[in-house]
Amino acid sequence: MGESNEDIDQMFSTLLGEMDLLTQSLGVDTLPPPDPNPPREEFNYTVGFKDLNESLNALEDQDLDALMADLVADISEAEQRTIQAQKESSQNQDRFALLRASDGQGTASGGYGASAAAIDVSHHEEALPPPPVEPMLDLLPPPPPPPPPELLSKEEEEAKAKADKIKLALEKLKEAKVKKLVVKVHMDDSSTKSLMVDERQLARDVLDNLFEKTHCDCNVDWCLYEIYPELQIERVFEDHENVVEVLSDWTRDTENKVLFLEKEERYAVFKNPQNFYLDNKGKKENKETNEKMNAKNKEYLLEESFCGTSIIVPELEGALYLKEDGKKSWKRRYFLLRASGIYYVPKGKTKTSRDLACFIQFENVNIYYGIQCKMKYKAPTDHCFVLKHPQIQKESQYIKYLCCDDARTLSQWVMGIRIAKYGKTLYDNYQRAVARAGLASRWTNLGTVGTPMPAQPSTVSSGLKTGTSQPNGQMPQAIPSAGPPLQEAQTQIETTKDEKQGLGNHSPGATRENHRPKSSLPPPPPPVRRSSDTCGSPALPSKVKGPGTCTFPHPPENFLPPPPPPPPEEDNSGLLPPPPPPPYLEEPPDFVPPPPPPAAVEDSALPPPPPPPPCLSQEITKSSPLPPKKPLVPPKRQENQGLPGAPGNSEQDFMSDLMKALQKKRGNIP
C-alpha cells in the first residue's frame, strides 16, 4: 500500500506541474495553492476508504455508530471544501469579466470622437475577442477539480456509494426506531376510526387528523378522552401530551379506550376565568359582578394570571372527603391548593404555612374524574377526582381519591390542579385550539359565501306576465274598462293567433261581419266605422227596423244595424286598406264608450276595408252609418245584436246563412 501511495503522489505532482506550466504560458494568474490542496485531501480521504474495511475487520469491538459518524463528518468536510473551491473560482471569473468589461467600455468611449464607422469597427474588434478569451480563461480554473476524480473515479465512486448506503441505512434505522401504534378512537355516535400514531405526534396532531376525517366544526371543546373501565376513572388528554407514551403504559389486555368527544369543561377557565379566580371571595356582590364581567376584564385577568413572571394558581381551599387507604371509609379534611401540590391542615393545627402538611405533589401524577364512586367506594357524593401515577393500571394504595360536595367545587379543583401542573402550557394549548377553530371557520365561510341566494321567480314572472298581457299592443287604454273578459280574449289571440277568436264572448260577432259582406252594397268609409265603434249597441234594434223597407241600390241613412261590409272580393277592391289594423286595436273599447250620432253615408259606392272582422262586427252592432241593402239580414242581426253577450241557436242559424251566402257570392263573382 505504501508503494502504491507514493506512485500516485508522484503522478499527481507531475500533473499539477503541467497545469502550472499551462497557466503560466497563458499568462493567467490562478490560485495554484488552493487548487492542489483539495484533491490531495480527497486522495488521502479515498485511501482512508480503502483501509476502512480492514479497520472494521480489525476493530470489530468498536462501535459501528461511532465509525459511521466519523465517516459522515469526513464526507461533509470534503464536500464543503470542494464547494469553497468552486466559489473562489467563480469569484475570480467574475473579477476577470468585470475588468474586461471596464476595459472595453474605456476603449469604446475613447474612440467615440472618431467617425461612426471607426467606432463600430473598434467596438467590434474590442468586444468580439474578449468573449472567446473569457470562456477559455474561465474554464481553466474549473478543470483542476475534475482531473482527480478521473484518475481515482472508481475508488471515489465506490467510496461515495458506500457512504450513501450508510446514510440511508442510518436514516432507516432512525425511522425504524420510531414507535408507532394503531389506535382505535371511539366517536360519540358509537362508531370507531383507526389511526396510525407515532411517538412524534402530540394529542393536537391526532385531533387535527380526526378533524379531517370526521369533518366536524373543529371548536375548542373537542378533545381526546381517556377512560379506565377497571378503575372507573377518566380524563382529558392535554394537547401537548405524547399519545404514544400514554398508551404505552397500558397493559396488553387492557380495556381502556380513547374517545373523541366535546367537553366544555376542558377550557372553561379561559372562557369564564372569574368563576375560578374570583369565585371564592365569600361575598355575593363579587359573584354578581363575576357574572357580568365583560370580555376586556376577562382578557386582563387571563393575562395577569398566565402571562406574568409566574403563574397565578386559583386560591382554592375547603373541606374535602379523603378515601382511606385500602378501605371504603372517607374522612373529611381541610385542603388547600398551592402551585407545588395539595396540602391539608392536620388535626389541632391552623392554616398557616408552617402547620400545613403536604398531601401530594403534581410532578408525577395525573388528575382524573371518578365514575360512580358513590356506588363502588361508598363515597359521600359522585363528585370525585382521582390522582394517580400514569403507569398504575390496577387498584393500588398509591391512588388518591377525593370527594367534593357539588359539581361546581369539583370543576374548580380539577381546573386548579391542571393550572398548577401545566402552567402557561395550558394557555398556549388553548390559543392554538382557538387559532385552529378560526381557520376552520374561515374555510367554511369561504365555501358558503359563493352560494347564490334563491331568487323570487313567482313575483318576477307574475310581473312580466301582467306587463305582457295587459297591453293589447295598440290600445292600452282599454285595459281598465275591459276587465277579465278582455284579458281572456287577449290570451286567446296570443295563443291561437286567430282574428275571429279575438274576444271570448264577442267572437261570434266577428265571424258575422266576415260573412255579412256578401251583400253587394259597399260598406261605409273608415271614419264612419271608427265613429260607429264608439256607438252603443242598444240603439241598433230600433234603427234596424227602419232599413227593412229600403231598396238595395239606395241604403237609408238611419239604417245602422244591417250587415256592414261587402264580400272579401270587394274588400280587396276597396280603396281604404288601412282600417284593418285599427279594428283589432279598437275591439276592447266597443264595450265601454257611448254610441255617437250616426254619420251620413257619402261614399256608398266605395268598397269596405278588407280585414275589419272583430272591430267591424262590433261597429255594425253599434249602429254603423251605412247599412247594407239586404232587408232579410238585419232582422237576424237584431236578434243577436240586441244582446251581444247572450249566445243562442239564432246565432248559429245566422252564421250558417252567412257562410252559404259567402260561398255563393264567391262562386258567382269569378
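Numbers here mean position along the shown chain, with the first residue as 1.
Keep in mind that glycine also has a Cβ here, set from the backbone N, Cα and C atoms.
The phosphoserine entry in Swiss-Prot, when matched to the candidates Ser153, Ser462, Ser532, corresponds to Ser532.
Per Swiss-Prot, the residue from the list Ser25, Ser55, Ser481 bearing the note phosphoserine is Ser55. Record note: of Thr82, Thr534, Thr549, Swiss-Prot gives the feature phosphothreonine to Thr534, with no matching annotation on the rest. The residues of the domain 'Ras-associating' (179-266), classed with DSSP into helix (H, G, I), strand (E, B) and coil, number 21 helix, 34 strand, 33 coil.
Per DSSP, the secondary structure of the domain 'PH' (313-422) breaks down as 21 helix, 38 strand, 51 coil. Computed over the domain 'Ras-associating' (179-266), the whole-number mean pLDDT of the model equals 92.
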